[in-house]
Amino acid sequence: MEQPSILVKILHSIPHVNYTFRRVNDTFNPDSDVYLEPTNNKLQCQQKGIELQSLVILASIPAGLLIGSLLGLLLYLLTRCCDRRQRKPSAQRCQSCSLVIITLMTCAAIGLGLYGNDDFHNGLLQAFGSGKSVEGLVLTLKRQTESIKHDLETRMAGHKVEQLVEKPHYNQTVVMLLIETSRLVTENTSRAVASLDSMVHYFMKAKGSENDTSLMGLLQLGEFYESIRWPATLAFLTVLLLLCTVLVIGVARRSRCTLIFFSVSGLFCIIICWLLAGVYLASSVAAGDFCMRPHDYMCRQVGMRSPYVDFLNCGTPRNRFILRLNESRDLVDRARESVEHMQRMSQETYPHIDIQRTLNAMDNDLEITLRNLTTLSATLDRRTIDMHYEEALRGLCGGGLLGLSLMMVAGLLTSFLLTILVYADSHAWIYLTKRPTLDADKSETAPLFPASNAPSASISPTAPLSTGTINRTLLHHQQASSGGGSGTLPGSGGGAGAGGGVGANGHNGVGPYRNGSAGLRQGLASPSSQSSHTSSTATYNNGTTSYHNSHQQHNNHLYSNHYSHSNNHYNNTQHRTNPAAGAVAAAVGVVSSGQRSPSPPPVYDLVHGTRSGHHTLGRLPSHHQQSATYLPGPNNGKYATLSKQCKTLESNDFY
C-alpha cells in the first residue's frame with residue numbers, strides 16, 4: 001500500500017479536542033450507532049464519543065465566525081445608517097476601487113471552489129466505479145457458486161448408482177464395497193454443495209445485522225447524494241459569481257438599488273458560505289483520518305462479517321472464501337477417487353453395459369465441477385480485489401481529498417471576502433450620492449441671473465417677485481411685436497415725431513437680436529432714471545392704445561379687448577415697480593432716450609391656462625375651452641415654442 005500523502009498528514013495533524021480542549025483519539029470511526037450504543041467498555045465508548053465531539057467542534061469554528069460577522073455588521077449598520085455626511089470624491093473613488101479589487105479576489109476564490117468541486121466529484125465517481133467493480137465481481141462469484149452447487153446436486157442425484165449396485169449378485173462383498181463407495185461419493189458431493197452454499201450465504205449478506213446495507217446499497221445511496229450535491233454546489237457558486245457581477249455593475253453605475261440588492265443577497269450568501277465551510281472542514285479532517293490508515297478501518301469491518309473486505313489481507317490466516325472453496329474442491333476430488341475405485345471393482349463383477357456407463361457419466365460431471373471450482377478459485381484471487389481496492393483509495397484519498405480540501409479553503413476565503421464585501425457595500429450605498437444624468441439640460445434649471453446680482457423684480461408679469469425665470473412664449477411674442485417690418489405702430493399716425501420712430505433697419509429702433517432678446521430688453525427696462533421710466537411708460541401707453549384701436553378696426557375680434565386689458569395691467573405693474581426694478585432694467589435694457597417700447601406680452605394666465613387649472617405648455621387654451629379667445633391664422637392662434645416646458649434663460653442668452 002502507498003504511503004499517505006502530505007495533504008493527508010496535514011489534515012490528520014489537525015488537533016482533535018473535546019469541549020474541554022483536551023486531545024482525543026484521532027482514529028477514524030464514523031459509525032454513529034457505535035457512538036450511541038451503551039457498552040461495557042466505558043473508556044472505549046467515551047473515546048468514540050469524544051472523537052465525534054472533536055469533529056463537531058471543528059465544524060463549529062466557522063459557525064462562530066459567522067455569528068461574529070453578523071454581530072459586527074449589525075453594530076455597523078446601527079451606528080452608520082443615519083450618518084449622511086457627504087464624502088469627498090477621492091474617498092468615493094478609493095472605495096469603489098477597493099470594492100472592485102475585493103470582488104475580483106472573491107471571484108478567484110469562487111473559481112477555486114469550482115475547481116475543487118469538480119475534482120471531488122471525479123474522485124467520488126472513481127471510488128464508486130471501483131466499488132461497483134467489486135460488487136460486480138462478488139455477484140459473479142455468487143452466480144458461479146450457485147451454478148456449481150445446483151449442477152453438482154442435480155447431476156449426482158440423477159445417476160442412482162446405489163440402485164444398480166444393490167441388484168442380487170453372488171459376490172456380496174464387492175456389492176457392499178461398491179455401495180459404501182457410492183455413499184462416500186454422495187456424502188462428499190453433499191459436503192461440497194454445503195460449502196458452496198455457505199459461500200452464497202456470505203455473498204447474500206453484507207453484515208450480520210439486519211439493519212446493515214449491502215455495498216451496492218451504499219454505492220447507490222452515495223451516488224444519489226452526489227447527484228444532488230454536485231449540481232447544487234455548482235449552482236450556488238454560479239450565483240455567487242453573478243452577485244459579484246451585479247456588485248461591479250452597481251459600483252460602475254453608482255446605483256443605490258443595485259448595491260442594496262447585493263447587501264441583502266450577500267447576507268444570505270454569507271450564512272450559507274460559513275455553514276458550508278464548517279461542513280467542508282469537518283469532512284476534510286475526517287477524510288484525512290480515514291486516508292491515514294484506511295486498511296485498519298476496512299479490516300475492522302471483518303468482525304462485522306462483511307464479505308467485501310474478507311478478500312483483503314487483514315491478518316487472518318486465509319480467506320474464508322478460499323477455505324470454503326478449497327474444502328469443496330477436496331471433497332469433489334475424494335468423490336472422483338471413489339468413482340474411479342467403483343469403476344475398477346465393477347469391471348470384474350458387473351457387465352460393462354450395466355454400470356460402467358453410469359460411472360463414466362459421474363466421473364465426467366465431477367471433473368466439470370472440479371474445473372469450475374478451479375476457475376472460481378482464480379476469480380477469488382485477492383489480487384483482483386486489491387486492484388479495485390487501490391483504485392477506490394486512489395480516487396477517494398487522491399483527487400477526492402484534494403478537491404474537498406480546495407473546497408474547504410475556497411469556502412473559508414469566499415466567506416471572509418464576501419463578509420468584507422457586504423461591509424464595504426453597506427458603507428458605499430449609505431454614503432453614495434446620486435450622480436446627475438448626462439443628458440440633463442442645465443439651461444432648463446439654471447437661474448436667469450447669478451445669486452449675487454439676481455434682480456428682485458419679476459420677469460413675468462404675473463410671476464411672484466424675486467424670481468428669475470421667464471417663459472419662452474413671452475419672448476416669441478415680444479420678438480414678433482418688436483421685429484415687425486413697419487417703422488411705427490399701426491394707427492399711430494405721426495408717432496415717429498412724437499415718440500421716436502422705429503427704423504426698419506434697426507438703427508434708431510429695435511433690431512433683431514440674438515435669441516430674440518431685443519423685445520425683452522426694451523420691454524423690461526427704462527433708459528436711465530425714474531423720470532425717464534415714467535415718460536417711457538406714458539409713451540408706451542399712448543402707443544399701445546393706438547395700436548389696439550387699429551387692431552380692433554382690422555380684426556374685430558374679442559381677443560383685442562382682452563389684449564388691451566393685459567396691456568393696461570402690464571402698465572399698472574410698471575407704475576408699481578420699486579426702485580430696485582429700475583436698477584435691474586438699467587442693467588438689462590438698451591439705453592436710448594427716444595426709443596419706443598415694444599408691445600407688452602399677453603397675460604400669463606392666458607398663455608399658460610393656469611386659471612382653468614391646466615398647464616398648456618406655453619400655448620393658448622384650446623377653442624373648446626373658451627371659444628371667444630380662438631384666433632384664426634397659423635397654429636390656431638397658439639405661440640410656437642422650442643420646448644414643451646418653460647425655458648429658463650441664462651445670462652449668455654442676453655450678452
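Count begins at 1; order follows the chain as displayed.
Every residue, even glycine, has its Cβ placed from backbone N, Cα and C.
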Based on Swiss-Prot, are Leu78 and Trp429 on matching sides of the membrane?
yes
Quickly, which of Asn211, Asn515 does Swiss-Prot have down as N-linked glycosylation site? Just give the residue.
Asn211
Swiss-Prot annotation N-linked glycosylation site: which of Asn25, Asn571 has it?
Asn25
List the helix, strand and coil residue totals of the topological domain 'Cytoplasmic' (253-258) as derived from DSSP.
4 helix, 0 strand, 2 coil
Quick one: mean pLDDT on the topological domain 'Cytoplasmic' (76-95)?
70
